[in-house]
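Novice: Straight from TrEMBL, here's the annotation block:
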type	residues	note
DOMAIN	25-416	domain 'Major facilitator superfamily (MFS) profile'
TRANSMEM	23-48	transmembrane segment
TRANSMEM	54-79	transmembrane segment
TRANSMEM	91-110	transmembrane segment
TRANSMEM	116-137	transmembrane segment
TRANSMEM	149-172	transmembrane segment
TRANSMEM	178-200	transmembrane segment
TRANSMEM	235-254	transmembrane segment
TRANSMEM	274-293	transmembrane segment
TRANSMEM	300-320	transmembrane segment
TRANSMEM	326-346	transmembrane segment
TRANSMEM	358-381	transmembrane segment
TRANSMEM	393-415	transmembrane segment
Amino acid sequence: MTDLVLAHPAGRPVIKRSRVRPWAVAGAALLTMLATAAAIGAPGVLIIPLSQEFGWSTASISSALAVRSVLFGLMGLAAAPLMNALGLRRVMLAALLLVGTGLLASLAMTRIWHLVLLWGALIGIGSGATALVLGATVATRCFPRRSGFVMGVLGAGAAAGPLVVLPAISALAEAGGWRAAVFALVVLAALAAVAVLVLVPEESGGADDGLGRIGRSGGNEPAAIALHGAARSGIFWVLLGTFAICGAATSGLVQTHFVPFCADYGLSSFRAANVLALMGPLAVLGSLGAGWLSDRFDGGWLLFWFYGLRGLSLLCLPFTDFSLTALAVFGMFYGLDWIATVPPTVKLIVLRFGRERATLILGWIFAGHQFGAAAAVFAAGHLRDASAGYLPAFLVAGVLCLFAAAALPVLSVPAGSGLGGRDRT
């Protein structure tokens, strides 16, 4: 049990004895983000089994997954207001219920519209409520002095979920069919729900509950009003556009299409999934390292290097020999960079727009991330069917990352500048 320094809606610090154990809340949030992110990442190794069983084309499956990404992003806009109104515990449990229901019901699906409804709508909405906005809310409210590091830890859960579990999902799919893999994800979501019930207290919203203010990080400002204020800043549009490219290059392209991309070159789904799994622990290290760096160094220049190196790796990948050695090198490099963009982006949002509006602004920025992911999922699937390959998709993604890198130095703000709530455009 610790003293928490929580932000008053008017901006004045409130120090009080709290029943909340901040690391317990963070642990429940981490497991929740891991479980829902695993549900998002699983289709990357299930595209081929679904296509083989039902005869669905890559383009058709990609269209359903694009719907998921769009709803994922839109739900990110509603997540902060919902947490303000209902609190963390209720939002997390409702989200896990939606994800678990979508996964469980999909065991009986037979039509492509079933996939759109269950994996597109239910999983998209549920996962969107427990993504970066949840992590940012916990990090900025529970750990105001170490928000960059804690955001790195929680962001690592979102990255590790779909990557680390992929070999197990692939092995289950090969041994017992794709339904066995999906059922394992149902169990993981149930375990996360138990953790929330045990570790996250019920919030009364009163002065003494100790958690109410954690779930109310944006005051009463609606997301639309937050957008109206932020949209007048060029910095907002740079962050939105570059984070959309981030979503396109990671969860949209590599997370969803890397396994079938490797299959086109004769690599088995299990081995390709192992390359993605290699990225998982490295993504954790990269996220933690980026969180540490973002608390100490200029966020704009950190993002310049992260996006630039990501773009170069995407441009080089299609021209390798697709040996395990070449893919392992790509996996190690790309894994370290996978979510390294998240902590400095969150830090820049706090510095530019203020801690009180940070989660609402992040909701819009994260929506852009998912819209970029949706565009990449959809375009890559259709390009693959139209051109019999993924080469154009990877080249375009690499070039876009280089464009993002070129735009980011304008965000230069020293980490210790103390800028908050002021826009230096």
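Every residue gets a Cβ built from N, Cα and C, even glycine.
Automated prediction, rather than curation, is the source of TrEMBL annotations.
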Novice: Looking at the transmembrane segment (300-320) and the transmembrane segment (235-254), are there 3+ C-beta pairs under 8 A, with each pair at least 6 apart in sequence?
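Specialist: Yes, these stretches are in contact.
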Novice: With pairs restricted to those 6 or more apart in sequence, evaluate whether the transmembrane segment (178-200) and the transmembrane segment (274-293) have 3+ C-beta pairs under 8 Å.
Specialist: no
Novice: Based on Cβ pairs under 8 Å, which of the stretches 91-110, 235-254, 274-293, 358-381 lies most in contact with the transmembrane segment (326-346)?
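Specialist: The stretch with the most close Cβ contacts to the transmembrane segment (326-346) is 274-293.
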Novice: So which residues does the transmembrane segment (54-79) touch in its own chain, when a touch means Cβ under 8 Å and the partner is 6 or more beyond its ends?
Specialist: 40, 43, 47, 91, 110, 112, 115-116, 119-121, 123-134, 223, 247, 251-252, 256-257, 260, 363-364, 366-371, 373-375, 377-378, 380-382, 384-385
